[in-house]
Amino acid sequence: MAQRLLLRRFLTSIISGKPSQSRWAPVASRALQTPQYSPGYLTVTPSQARSIYTTRVCSTTFNIQDGPDFQDRVVNSETPVVVDFHAQWCGPCKILGPRLEKVVAKQHGKVVMAKVDIDDHTDLALEYEVSAVPTVLAMKNGDVVDKFVGIKDEDQLEAFLKKLIG
């Protein structure tokens, strides 16, 4: 535990660019000047401690920001899209949303999910004739090919997606 805390403090000081004020700083400094510091299961070399890598995570679920964003990411999408019209105050939406995200994630990119908050985007809700929430549309090549209103269980959602994917 102490080794983890020591390592965390040292790495934090490297990232922030400030020297650590802790009493462990001299120990960490000496330990990491050696080619390799191995306290049990941890192995840190100075070059590893200073490298920070970032990767872009492609998500299968995204929030719609505005009308042009909807046009670009949903209507013009080559991938089939499930559009979840929801509201923050809607209890059933809070149940359906995570279920739908889980089922969409299982499809491994064959379908993506767009989330539209009807309070923020009433124009889209009116355009797609959303009269109750949650409303879920299945869109392919810019056209609505299927729709349902209300909560569904995971089996029904999987069948809904299989029909969309083809």
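Quick reminder: no glycine exception, Cβ is built from N, Cα and C everywhere.
In the structure as shown, the Cβ atom of C90 (active site, nucleophile) sits within 10 Å of 18 other Cβ atoms. The active site, nucleophile annotation in Swiss-Prot covers C90 (among others), and the record cites similarity to another entry as its basis.
Within the same chain, residues at least 6 positions away in sequence whose Cβ sits under 8 Å from that of C93 (active site, nucleophile) are D84, H86, A87, V133, P134. C93 (active site, nucleophile) falls within a helix when secondary structure is assigned with DSSP. Residues annotated as active site, nucleophile in Swiss-Prot: C93 (among others).
Here Swiss-Prot flags C90-C93 as disulfide bond.
Marked as domain 'Thioredoxin' by Swiss-Prot on the basis of sequence analysis: 61-166.
Here Swiss-Prot flags K152 as N6-succinyllysine, drawing on similarity to another entry. In the three-state DSSP reading, K152 (N6-succinyllysine) counts as coil.
Here Swiss-Prot flags K152 as N6-acetyllysine, drawing on similarity to another entry. For K152 (N6-succinyllysine), applying a Cβ distance below 8 Å and a minimum sequence separation of six or more within one chain yields L96, R99, F160.
Residues or ranges marked as site 'Deprotonates C-terminal active site Cys' in Swiss-Prot: D84. In the three-state DSSP assignment, the secondary structure recorded for D84 (site 'Deprotonates C-terminal active site Cys') is strand.
Note: G91 (site 'Contributes to redox potential value') has no non-local neighbours, i.e. no same-chain residues 6+ apart with C-beta under 8 A of its own C-beta. The site 'Contributes to redox potential value' feature in Swiss-Prot is assigned to G91 (among others).
If you look up Swiss-Prot, you'll see P92 (among others) marked as site 'Contributes to redox potential value', on the strength of similarity to another entry. Every protein chain shown contributes to the tally, and the Cβ of P92 (site 'Contributes to redox potential value') ends up with 15 other Cβ atoms within 10 Å.
Summarising the annotation, Swiss-Prot assigns transit peptide to 1-59 and lists experimental evidence as the type of evidence.
As a summary of secondary structure, the domain 'Thioredoxin' (61-166) carries 42 helix, 28 strand, 36 coil according to DSSP. Other C-beta atoms found within 10 angstroms of the C-beta of D84 (site 'Deprotonates C-terminal active site Cys') number 23, with every protein chain shown included.
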